[in-house]
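The cyanocob(III)alamin binding site feature in TrEMBL is assigned to 49, 50, 51, 52, 53, 93, 142, 187, 302, 303, 304, 312, 334. For 62-104, the entry in TrEMBL reads disulfide bond.
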């Protein structure tokens, strides 16, 4: 099921103030996908896609003023209560999306009084959890999950009293260069203007003016010289018997990104080092290294770190390592 992609499309469609309503059949499809998405829960205990996509689906339906069956909502409430929404930055993303969905359903009065009180309490629990997850640098989870957390503070009204809000906003302003794709810009722009996705529901479309204009983006300037990056691939138990599978210095141009480093490693040892990526709205996503594939059904992924153990705040195409830096690709569980 394409639950998450369809949900994002419907959120974007609602935000563009369409003159007609072509989304009625799409909303019906989203309801169908939400049910299909849950069919795997009897065996797996979680949606076929993820709680993140499932939460996005509920949020999109709410923004379109569509009621959601109480059973669908309680699946998310139960998952949050039992701490099933993940770990690290992925958990912040998921918990934030779920909290936004809860807040929308409660504020739009699309549920009964008793359930509304439960949803309000759950959203505030999520807000406190995000404040506790904030690092000393102000980032909550990772740089891409921080806008989601800020949206929750804005939607629940805790932005005025929560110190984590100002610290996270300051961190966001210092790292705006990380948001270079349309998908990541869509997450950060509402926050920079003091809004969350919930504000889409109350837009007055007749007051919206067409101010979109093409933007000329200058190509990045060339950086002269070269650098050497130490590239390490790790695969812990239970997937591999040997932790460190690859450990080599890779010479690259000074302006090279992590993706460029991977291509250079593949060119140096075409028979030993191979990798695959998948194109996503957020940019290329690393799916396979040295024949080891990260798969959603196995609930694992390739984590990107700089030595000794610091997760990267950008994707492989955006992060530009320093000369002499050690980069680790680690197969990890989420």
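Residue numbers in this text run from 1 along the chain shown.
Quick reminder: no glycine exception, Cβ is built from N, Cα and C everywhere.
No curator has checked TrEMBL annotations; they are predicted automatically.
Between the CA atoms of residue 302 (cyanocob(III)alamin binding site) and residue 62 (disulfide bond) there is a gap of 33 Å, rounded to the nearest whole number. Neighbour count (other Cβ atoms within 10 Å of the Cβ, all protein chains): 23 for residue 53 (cyanocob(III)alamin binding site). Cβ-based neighbour count (10 Å, all protein chains) for residue 304 (cyanocob(III)alamin binding site) stands at 20. Cα to Cα, residue 49 (cyanocob(III)alamin binding site) and residue 62 (disulfide bond) are separated by 20 Å. Under a cutoff of 8 A between CB atoms, and with a sequence separation of 6+ in the same chain, the neighbours of residue 62 (disulfide bond) are 68, 101, 104, 105, 108, 110, 201. For residue 302 (cyanocob(III)alamin binding site), other Cβ atoms within 10 Å of its Cβ number 22. In this structure, the binding-site residues 49, 142 were compared by how many other Cβ atoms lie within 10 Å of their Cβ, and the smallest count belongs to 142.
Summarising the environment of residue 104 (disulfide bond), the number of other Cβ atoms within 10 Å of its Cβ, over all protein chains shown, is 26.
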